[in-house]
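Novice: Quick paste of what TrEMBL says about this protein:
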DOMAIN    162-215  domain 'PDZ'
SIGNAL    1-20  signal peptide
Amino acid sequence: MVFSFVFPSLIFSLLSFSLSFPSFPLALQRLGPPLQWGPSPQLGDPVTVVGYPLGGDNSSVTQVSRHLRKKENEGVVSRADLQQYCLGSCSLLAIQIDAAINPGNSGGPALNRSSQCVGIAFQSLKDGDTENIGYIIPSEVVSHFLEDYRRHGRCLGFGDGGFTWQKLENKSLRHSLSLKSKDEGILIKKLDGGGPAKAVLQKGDILLEIGGKRIASDGTVAFRNGERILFTWILSQMFVGDRCSVKLLRQNRERRESFSVGKLNLLVPANSDLRRPQYLIVGGLVFVPLSEPFLKSEYGEDFESRAPVRLLDKWQHGFQSFPGEQFVLLSHVLAHDVTVGYEHLHNVQVQQFNGTSVKTLKHLAELVENSTEEYW
């Protein structure tokens, strides 16, 4: 038996294998038919989460039901909203359930009453003030991942527009933009340098509709059964390269445009695609690209409260201005005669090398290699 793993992302993994044992197909038959996918559960729908949590070697079943009188390990589907996935950087649709998702439950199926798989258990909220709050990845997100892999042979990611925005709920802001009381939408604040929407949107535009859905002043669109959700959900349901239609207000004139959906191009990646960490050592100077694994290694799992604000700002709000851009750091200085007096430099950005802007770690290595200057 030969197993091979495919890791298009750190949210999901695909497993492929070849069989070399004659008895293995029989073993698969004994497992029974595979689970069928079902629609995401509605608020209050019963859900059963199956997995192997801590506390034993046998499988465990956590039932989430409608009943007001809850039994042990029971709760309700209490929310459907966008959440930042713990192993990724983008915010995707997540189903909140009033039941614990313990270590070992992650990756287990969430089943409805028809024994259809409506999601995958993957994280829980543990902040000391709450208990029995877990999240499942809904079937729509899983289906998007599988279809993305089927189309492209790899996971390109979930759709993104490449712009930042602001709600239009403030009366003074609305007055400054000459908006009427009935006018809704959101304000475009910034366009990412390499973002796909840059071709049609401008700073100061008011985005009225996206994908045929009207955007309210709080940034939400109509969801299911009277619910509302952030408009970015529409983009996340699209595939990289899909066309997204928008309606916008510019200089008091409505316009209809469309752009090709891209993916979230963070300046500081949440993972390194399982590649070996990159580094460059020159004359006792150690250079690295800023990444979330680096922040965790340098400042611990709670780096969000310990790392310098200048690095956290790039981690949380930085976007690539061109594909492949990296935020290069001088990580630390090794002790040597040639580095005397520079030992204090630690995790500072490398902006230029001999007057040339540094784009990536590889670019820095090329600049060093091709330099003819006596001093840097």
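Placement of Cβ uses the backbone N, Cα and C atoms for every residue, glycine included.
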Novice: Write out how many residues of the domain 'PDZ' (162-215) are helix, how many strand and how many coil, based on DSSP.
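Specialist: For that range the per-state counts are 10 helix, 17 strand, 27 coil.
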Novice: Give the mean pLDDT for the domain 'PDZ' (162-215) on the 0 to 100 scale.
Specialist: 93
